[in-house]
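Working notes, beginning with the structure itself.
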Amino acid sequence: MAEDKHNKNPLKMLESLGKELISGLLDDFVEKNVLKLEEEEKKKIYDAKLQDKARVLVDSIRQKNQEAGQVFVQTFLNIDKNSTSIKAPEETVAGPDESVGSAATLKLCPHEEFLKLCKERAGEIYPIKERKDRTRLALIICNTEFDHMPPRNGAALDILGMKQLLEGLGYTVEVEEKLTARDMESVLWKFAAREEHKSSDSTFLVFMSHGILDGICGTMHSEEEPDVLPYDTIFRTFNNRNCLSLKDKPKVIIVQACRGANRGELWVSDSPPALADSFSQSSENLEEDAVYKTHVEKDFIAFCSSTPHNVSWRDIKKGSLFITRLITCFQKYAWCCHLEEVFRKVQQSFEKPNVKAQMPTVERLSMTRYFYLFPGN
């Protein structure tokens, strides 16, 4: 009997701790005004019996999921809210705050601003479909574990951050992981064939893996037996010949991968280099290479985490530097800046080389208009 009593005590202790934890969590929700409750509603929760707190709170919930989740993490893990923030290295150029705390939320574009920009820049911007009618899709491909290369520790944070960002921008996000180059190509063709693109106004393709100059590494890659998805394959799959559903619509490609082994930094003098001879070409020497009535490759923009031949850096506890700053800049500026301006904000945050240097680069830009995302519209 004494043994049975001894065995039951830990269960009772756990039950008691669980009730106290949940009660404290609910009180934190109310105290920090996460749910924006009226005073009368707050009083009901404070005064409710322990077993009734959850029911009373559910009856009063508002649309504050993200803040509520952060309060939950802070209460559950008993950590300071600043301990989970992702911060730029101290020596980087003053740029966007990279905290993922309560301030790191997607700023929405006021409807009046949306209407104003659409009117003032009509003909200069890509048209945005009505939210109720559009079916935006986004694809994230991320390889973390490899057969012959080290794991990409911290990549899970990149997936989570990009998925939340794209969903906030109105995209239904498909995530694919652990893919060989052949698997990646198969996923791309299937995604390009999705019917939803017909009623969409754009798409995002996000690739996160090890990489080389010409492509993205699959899970079986090695120097002896390369397993690489060429960048050309991505553009070919979604061009106007193979993906008519996205014709004349922005196709945004985000790449977090090394593009070589160089460190991307160099000691230089203040003396300007000699100017190279300018390149000129007479129009009489130009010939057409295609007879299509529409451009084969148009409305693309690729944003890579580094310049060619250079590495990209990833914090194993916080995620990739590029993805972290990309998300921050979207959250801060997508409401008022077009896509190329947002990308420039990201580049500016890397402008001053730190201990680990890299410079994100825009490539194969064939967008003929400005692409505003107008979050919230």
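Every residue, even glycine, has its Cβ placed from backbone N, Cα and C.
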Looking at the candidate ranges 1-59, 119-177, 237-295, report the one that Swiss-Prot labels region 'Required for LPS-binding'. 1-59
Which residues in the same chain, at least 6 apart in sequence, have a Cβ under 8 Å from the Cβ of Cys258 (active site)? His210, Gly211, Ile212, Ser306, Asn310, Val311, Ser312
Taken over the domain 'CARD' (1-91), the predicted model's pLDDT averages 53
Tell me, how many other CB atoms lie within 10 A of the CB of His210 (active site), whichever protein chain they belong to? 20
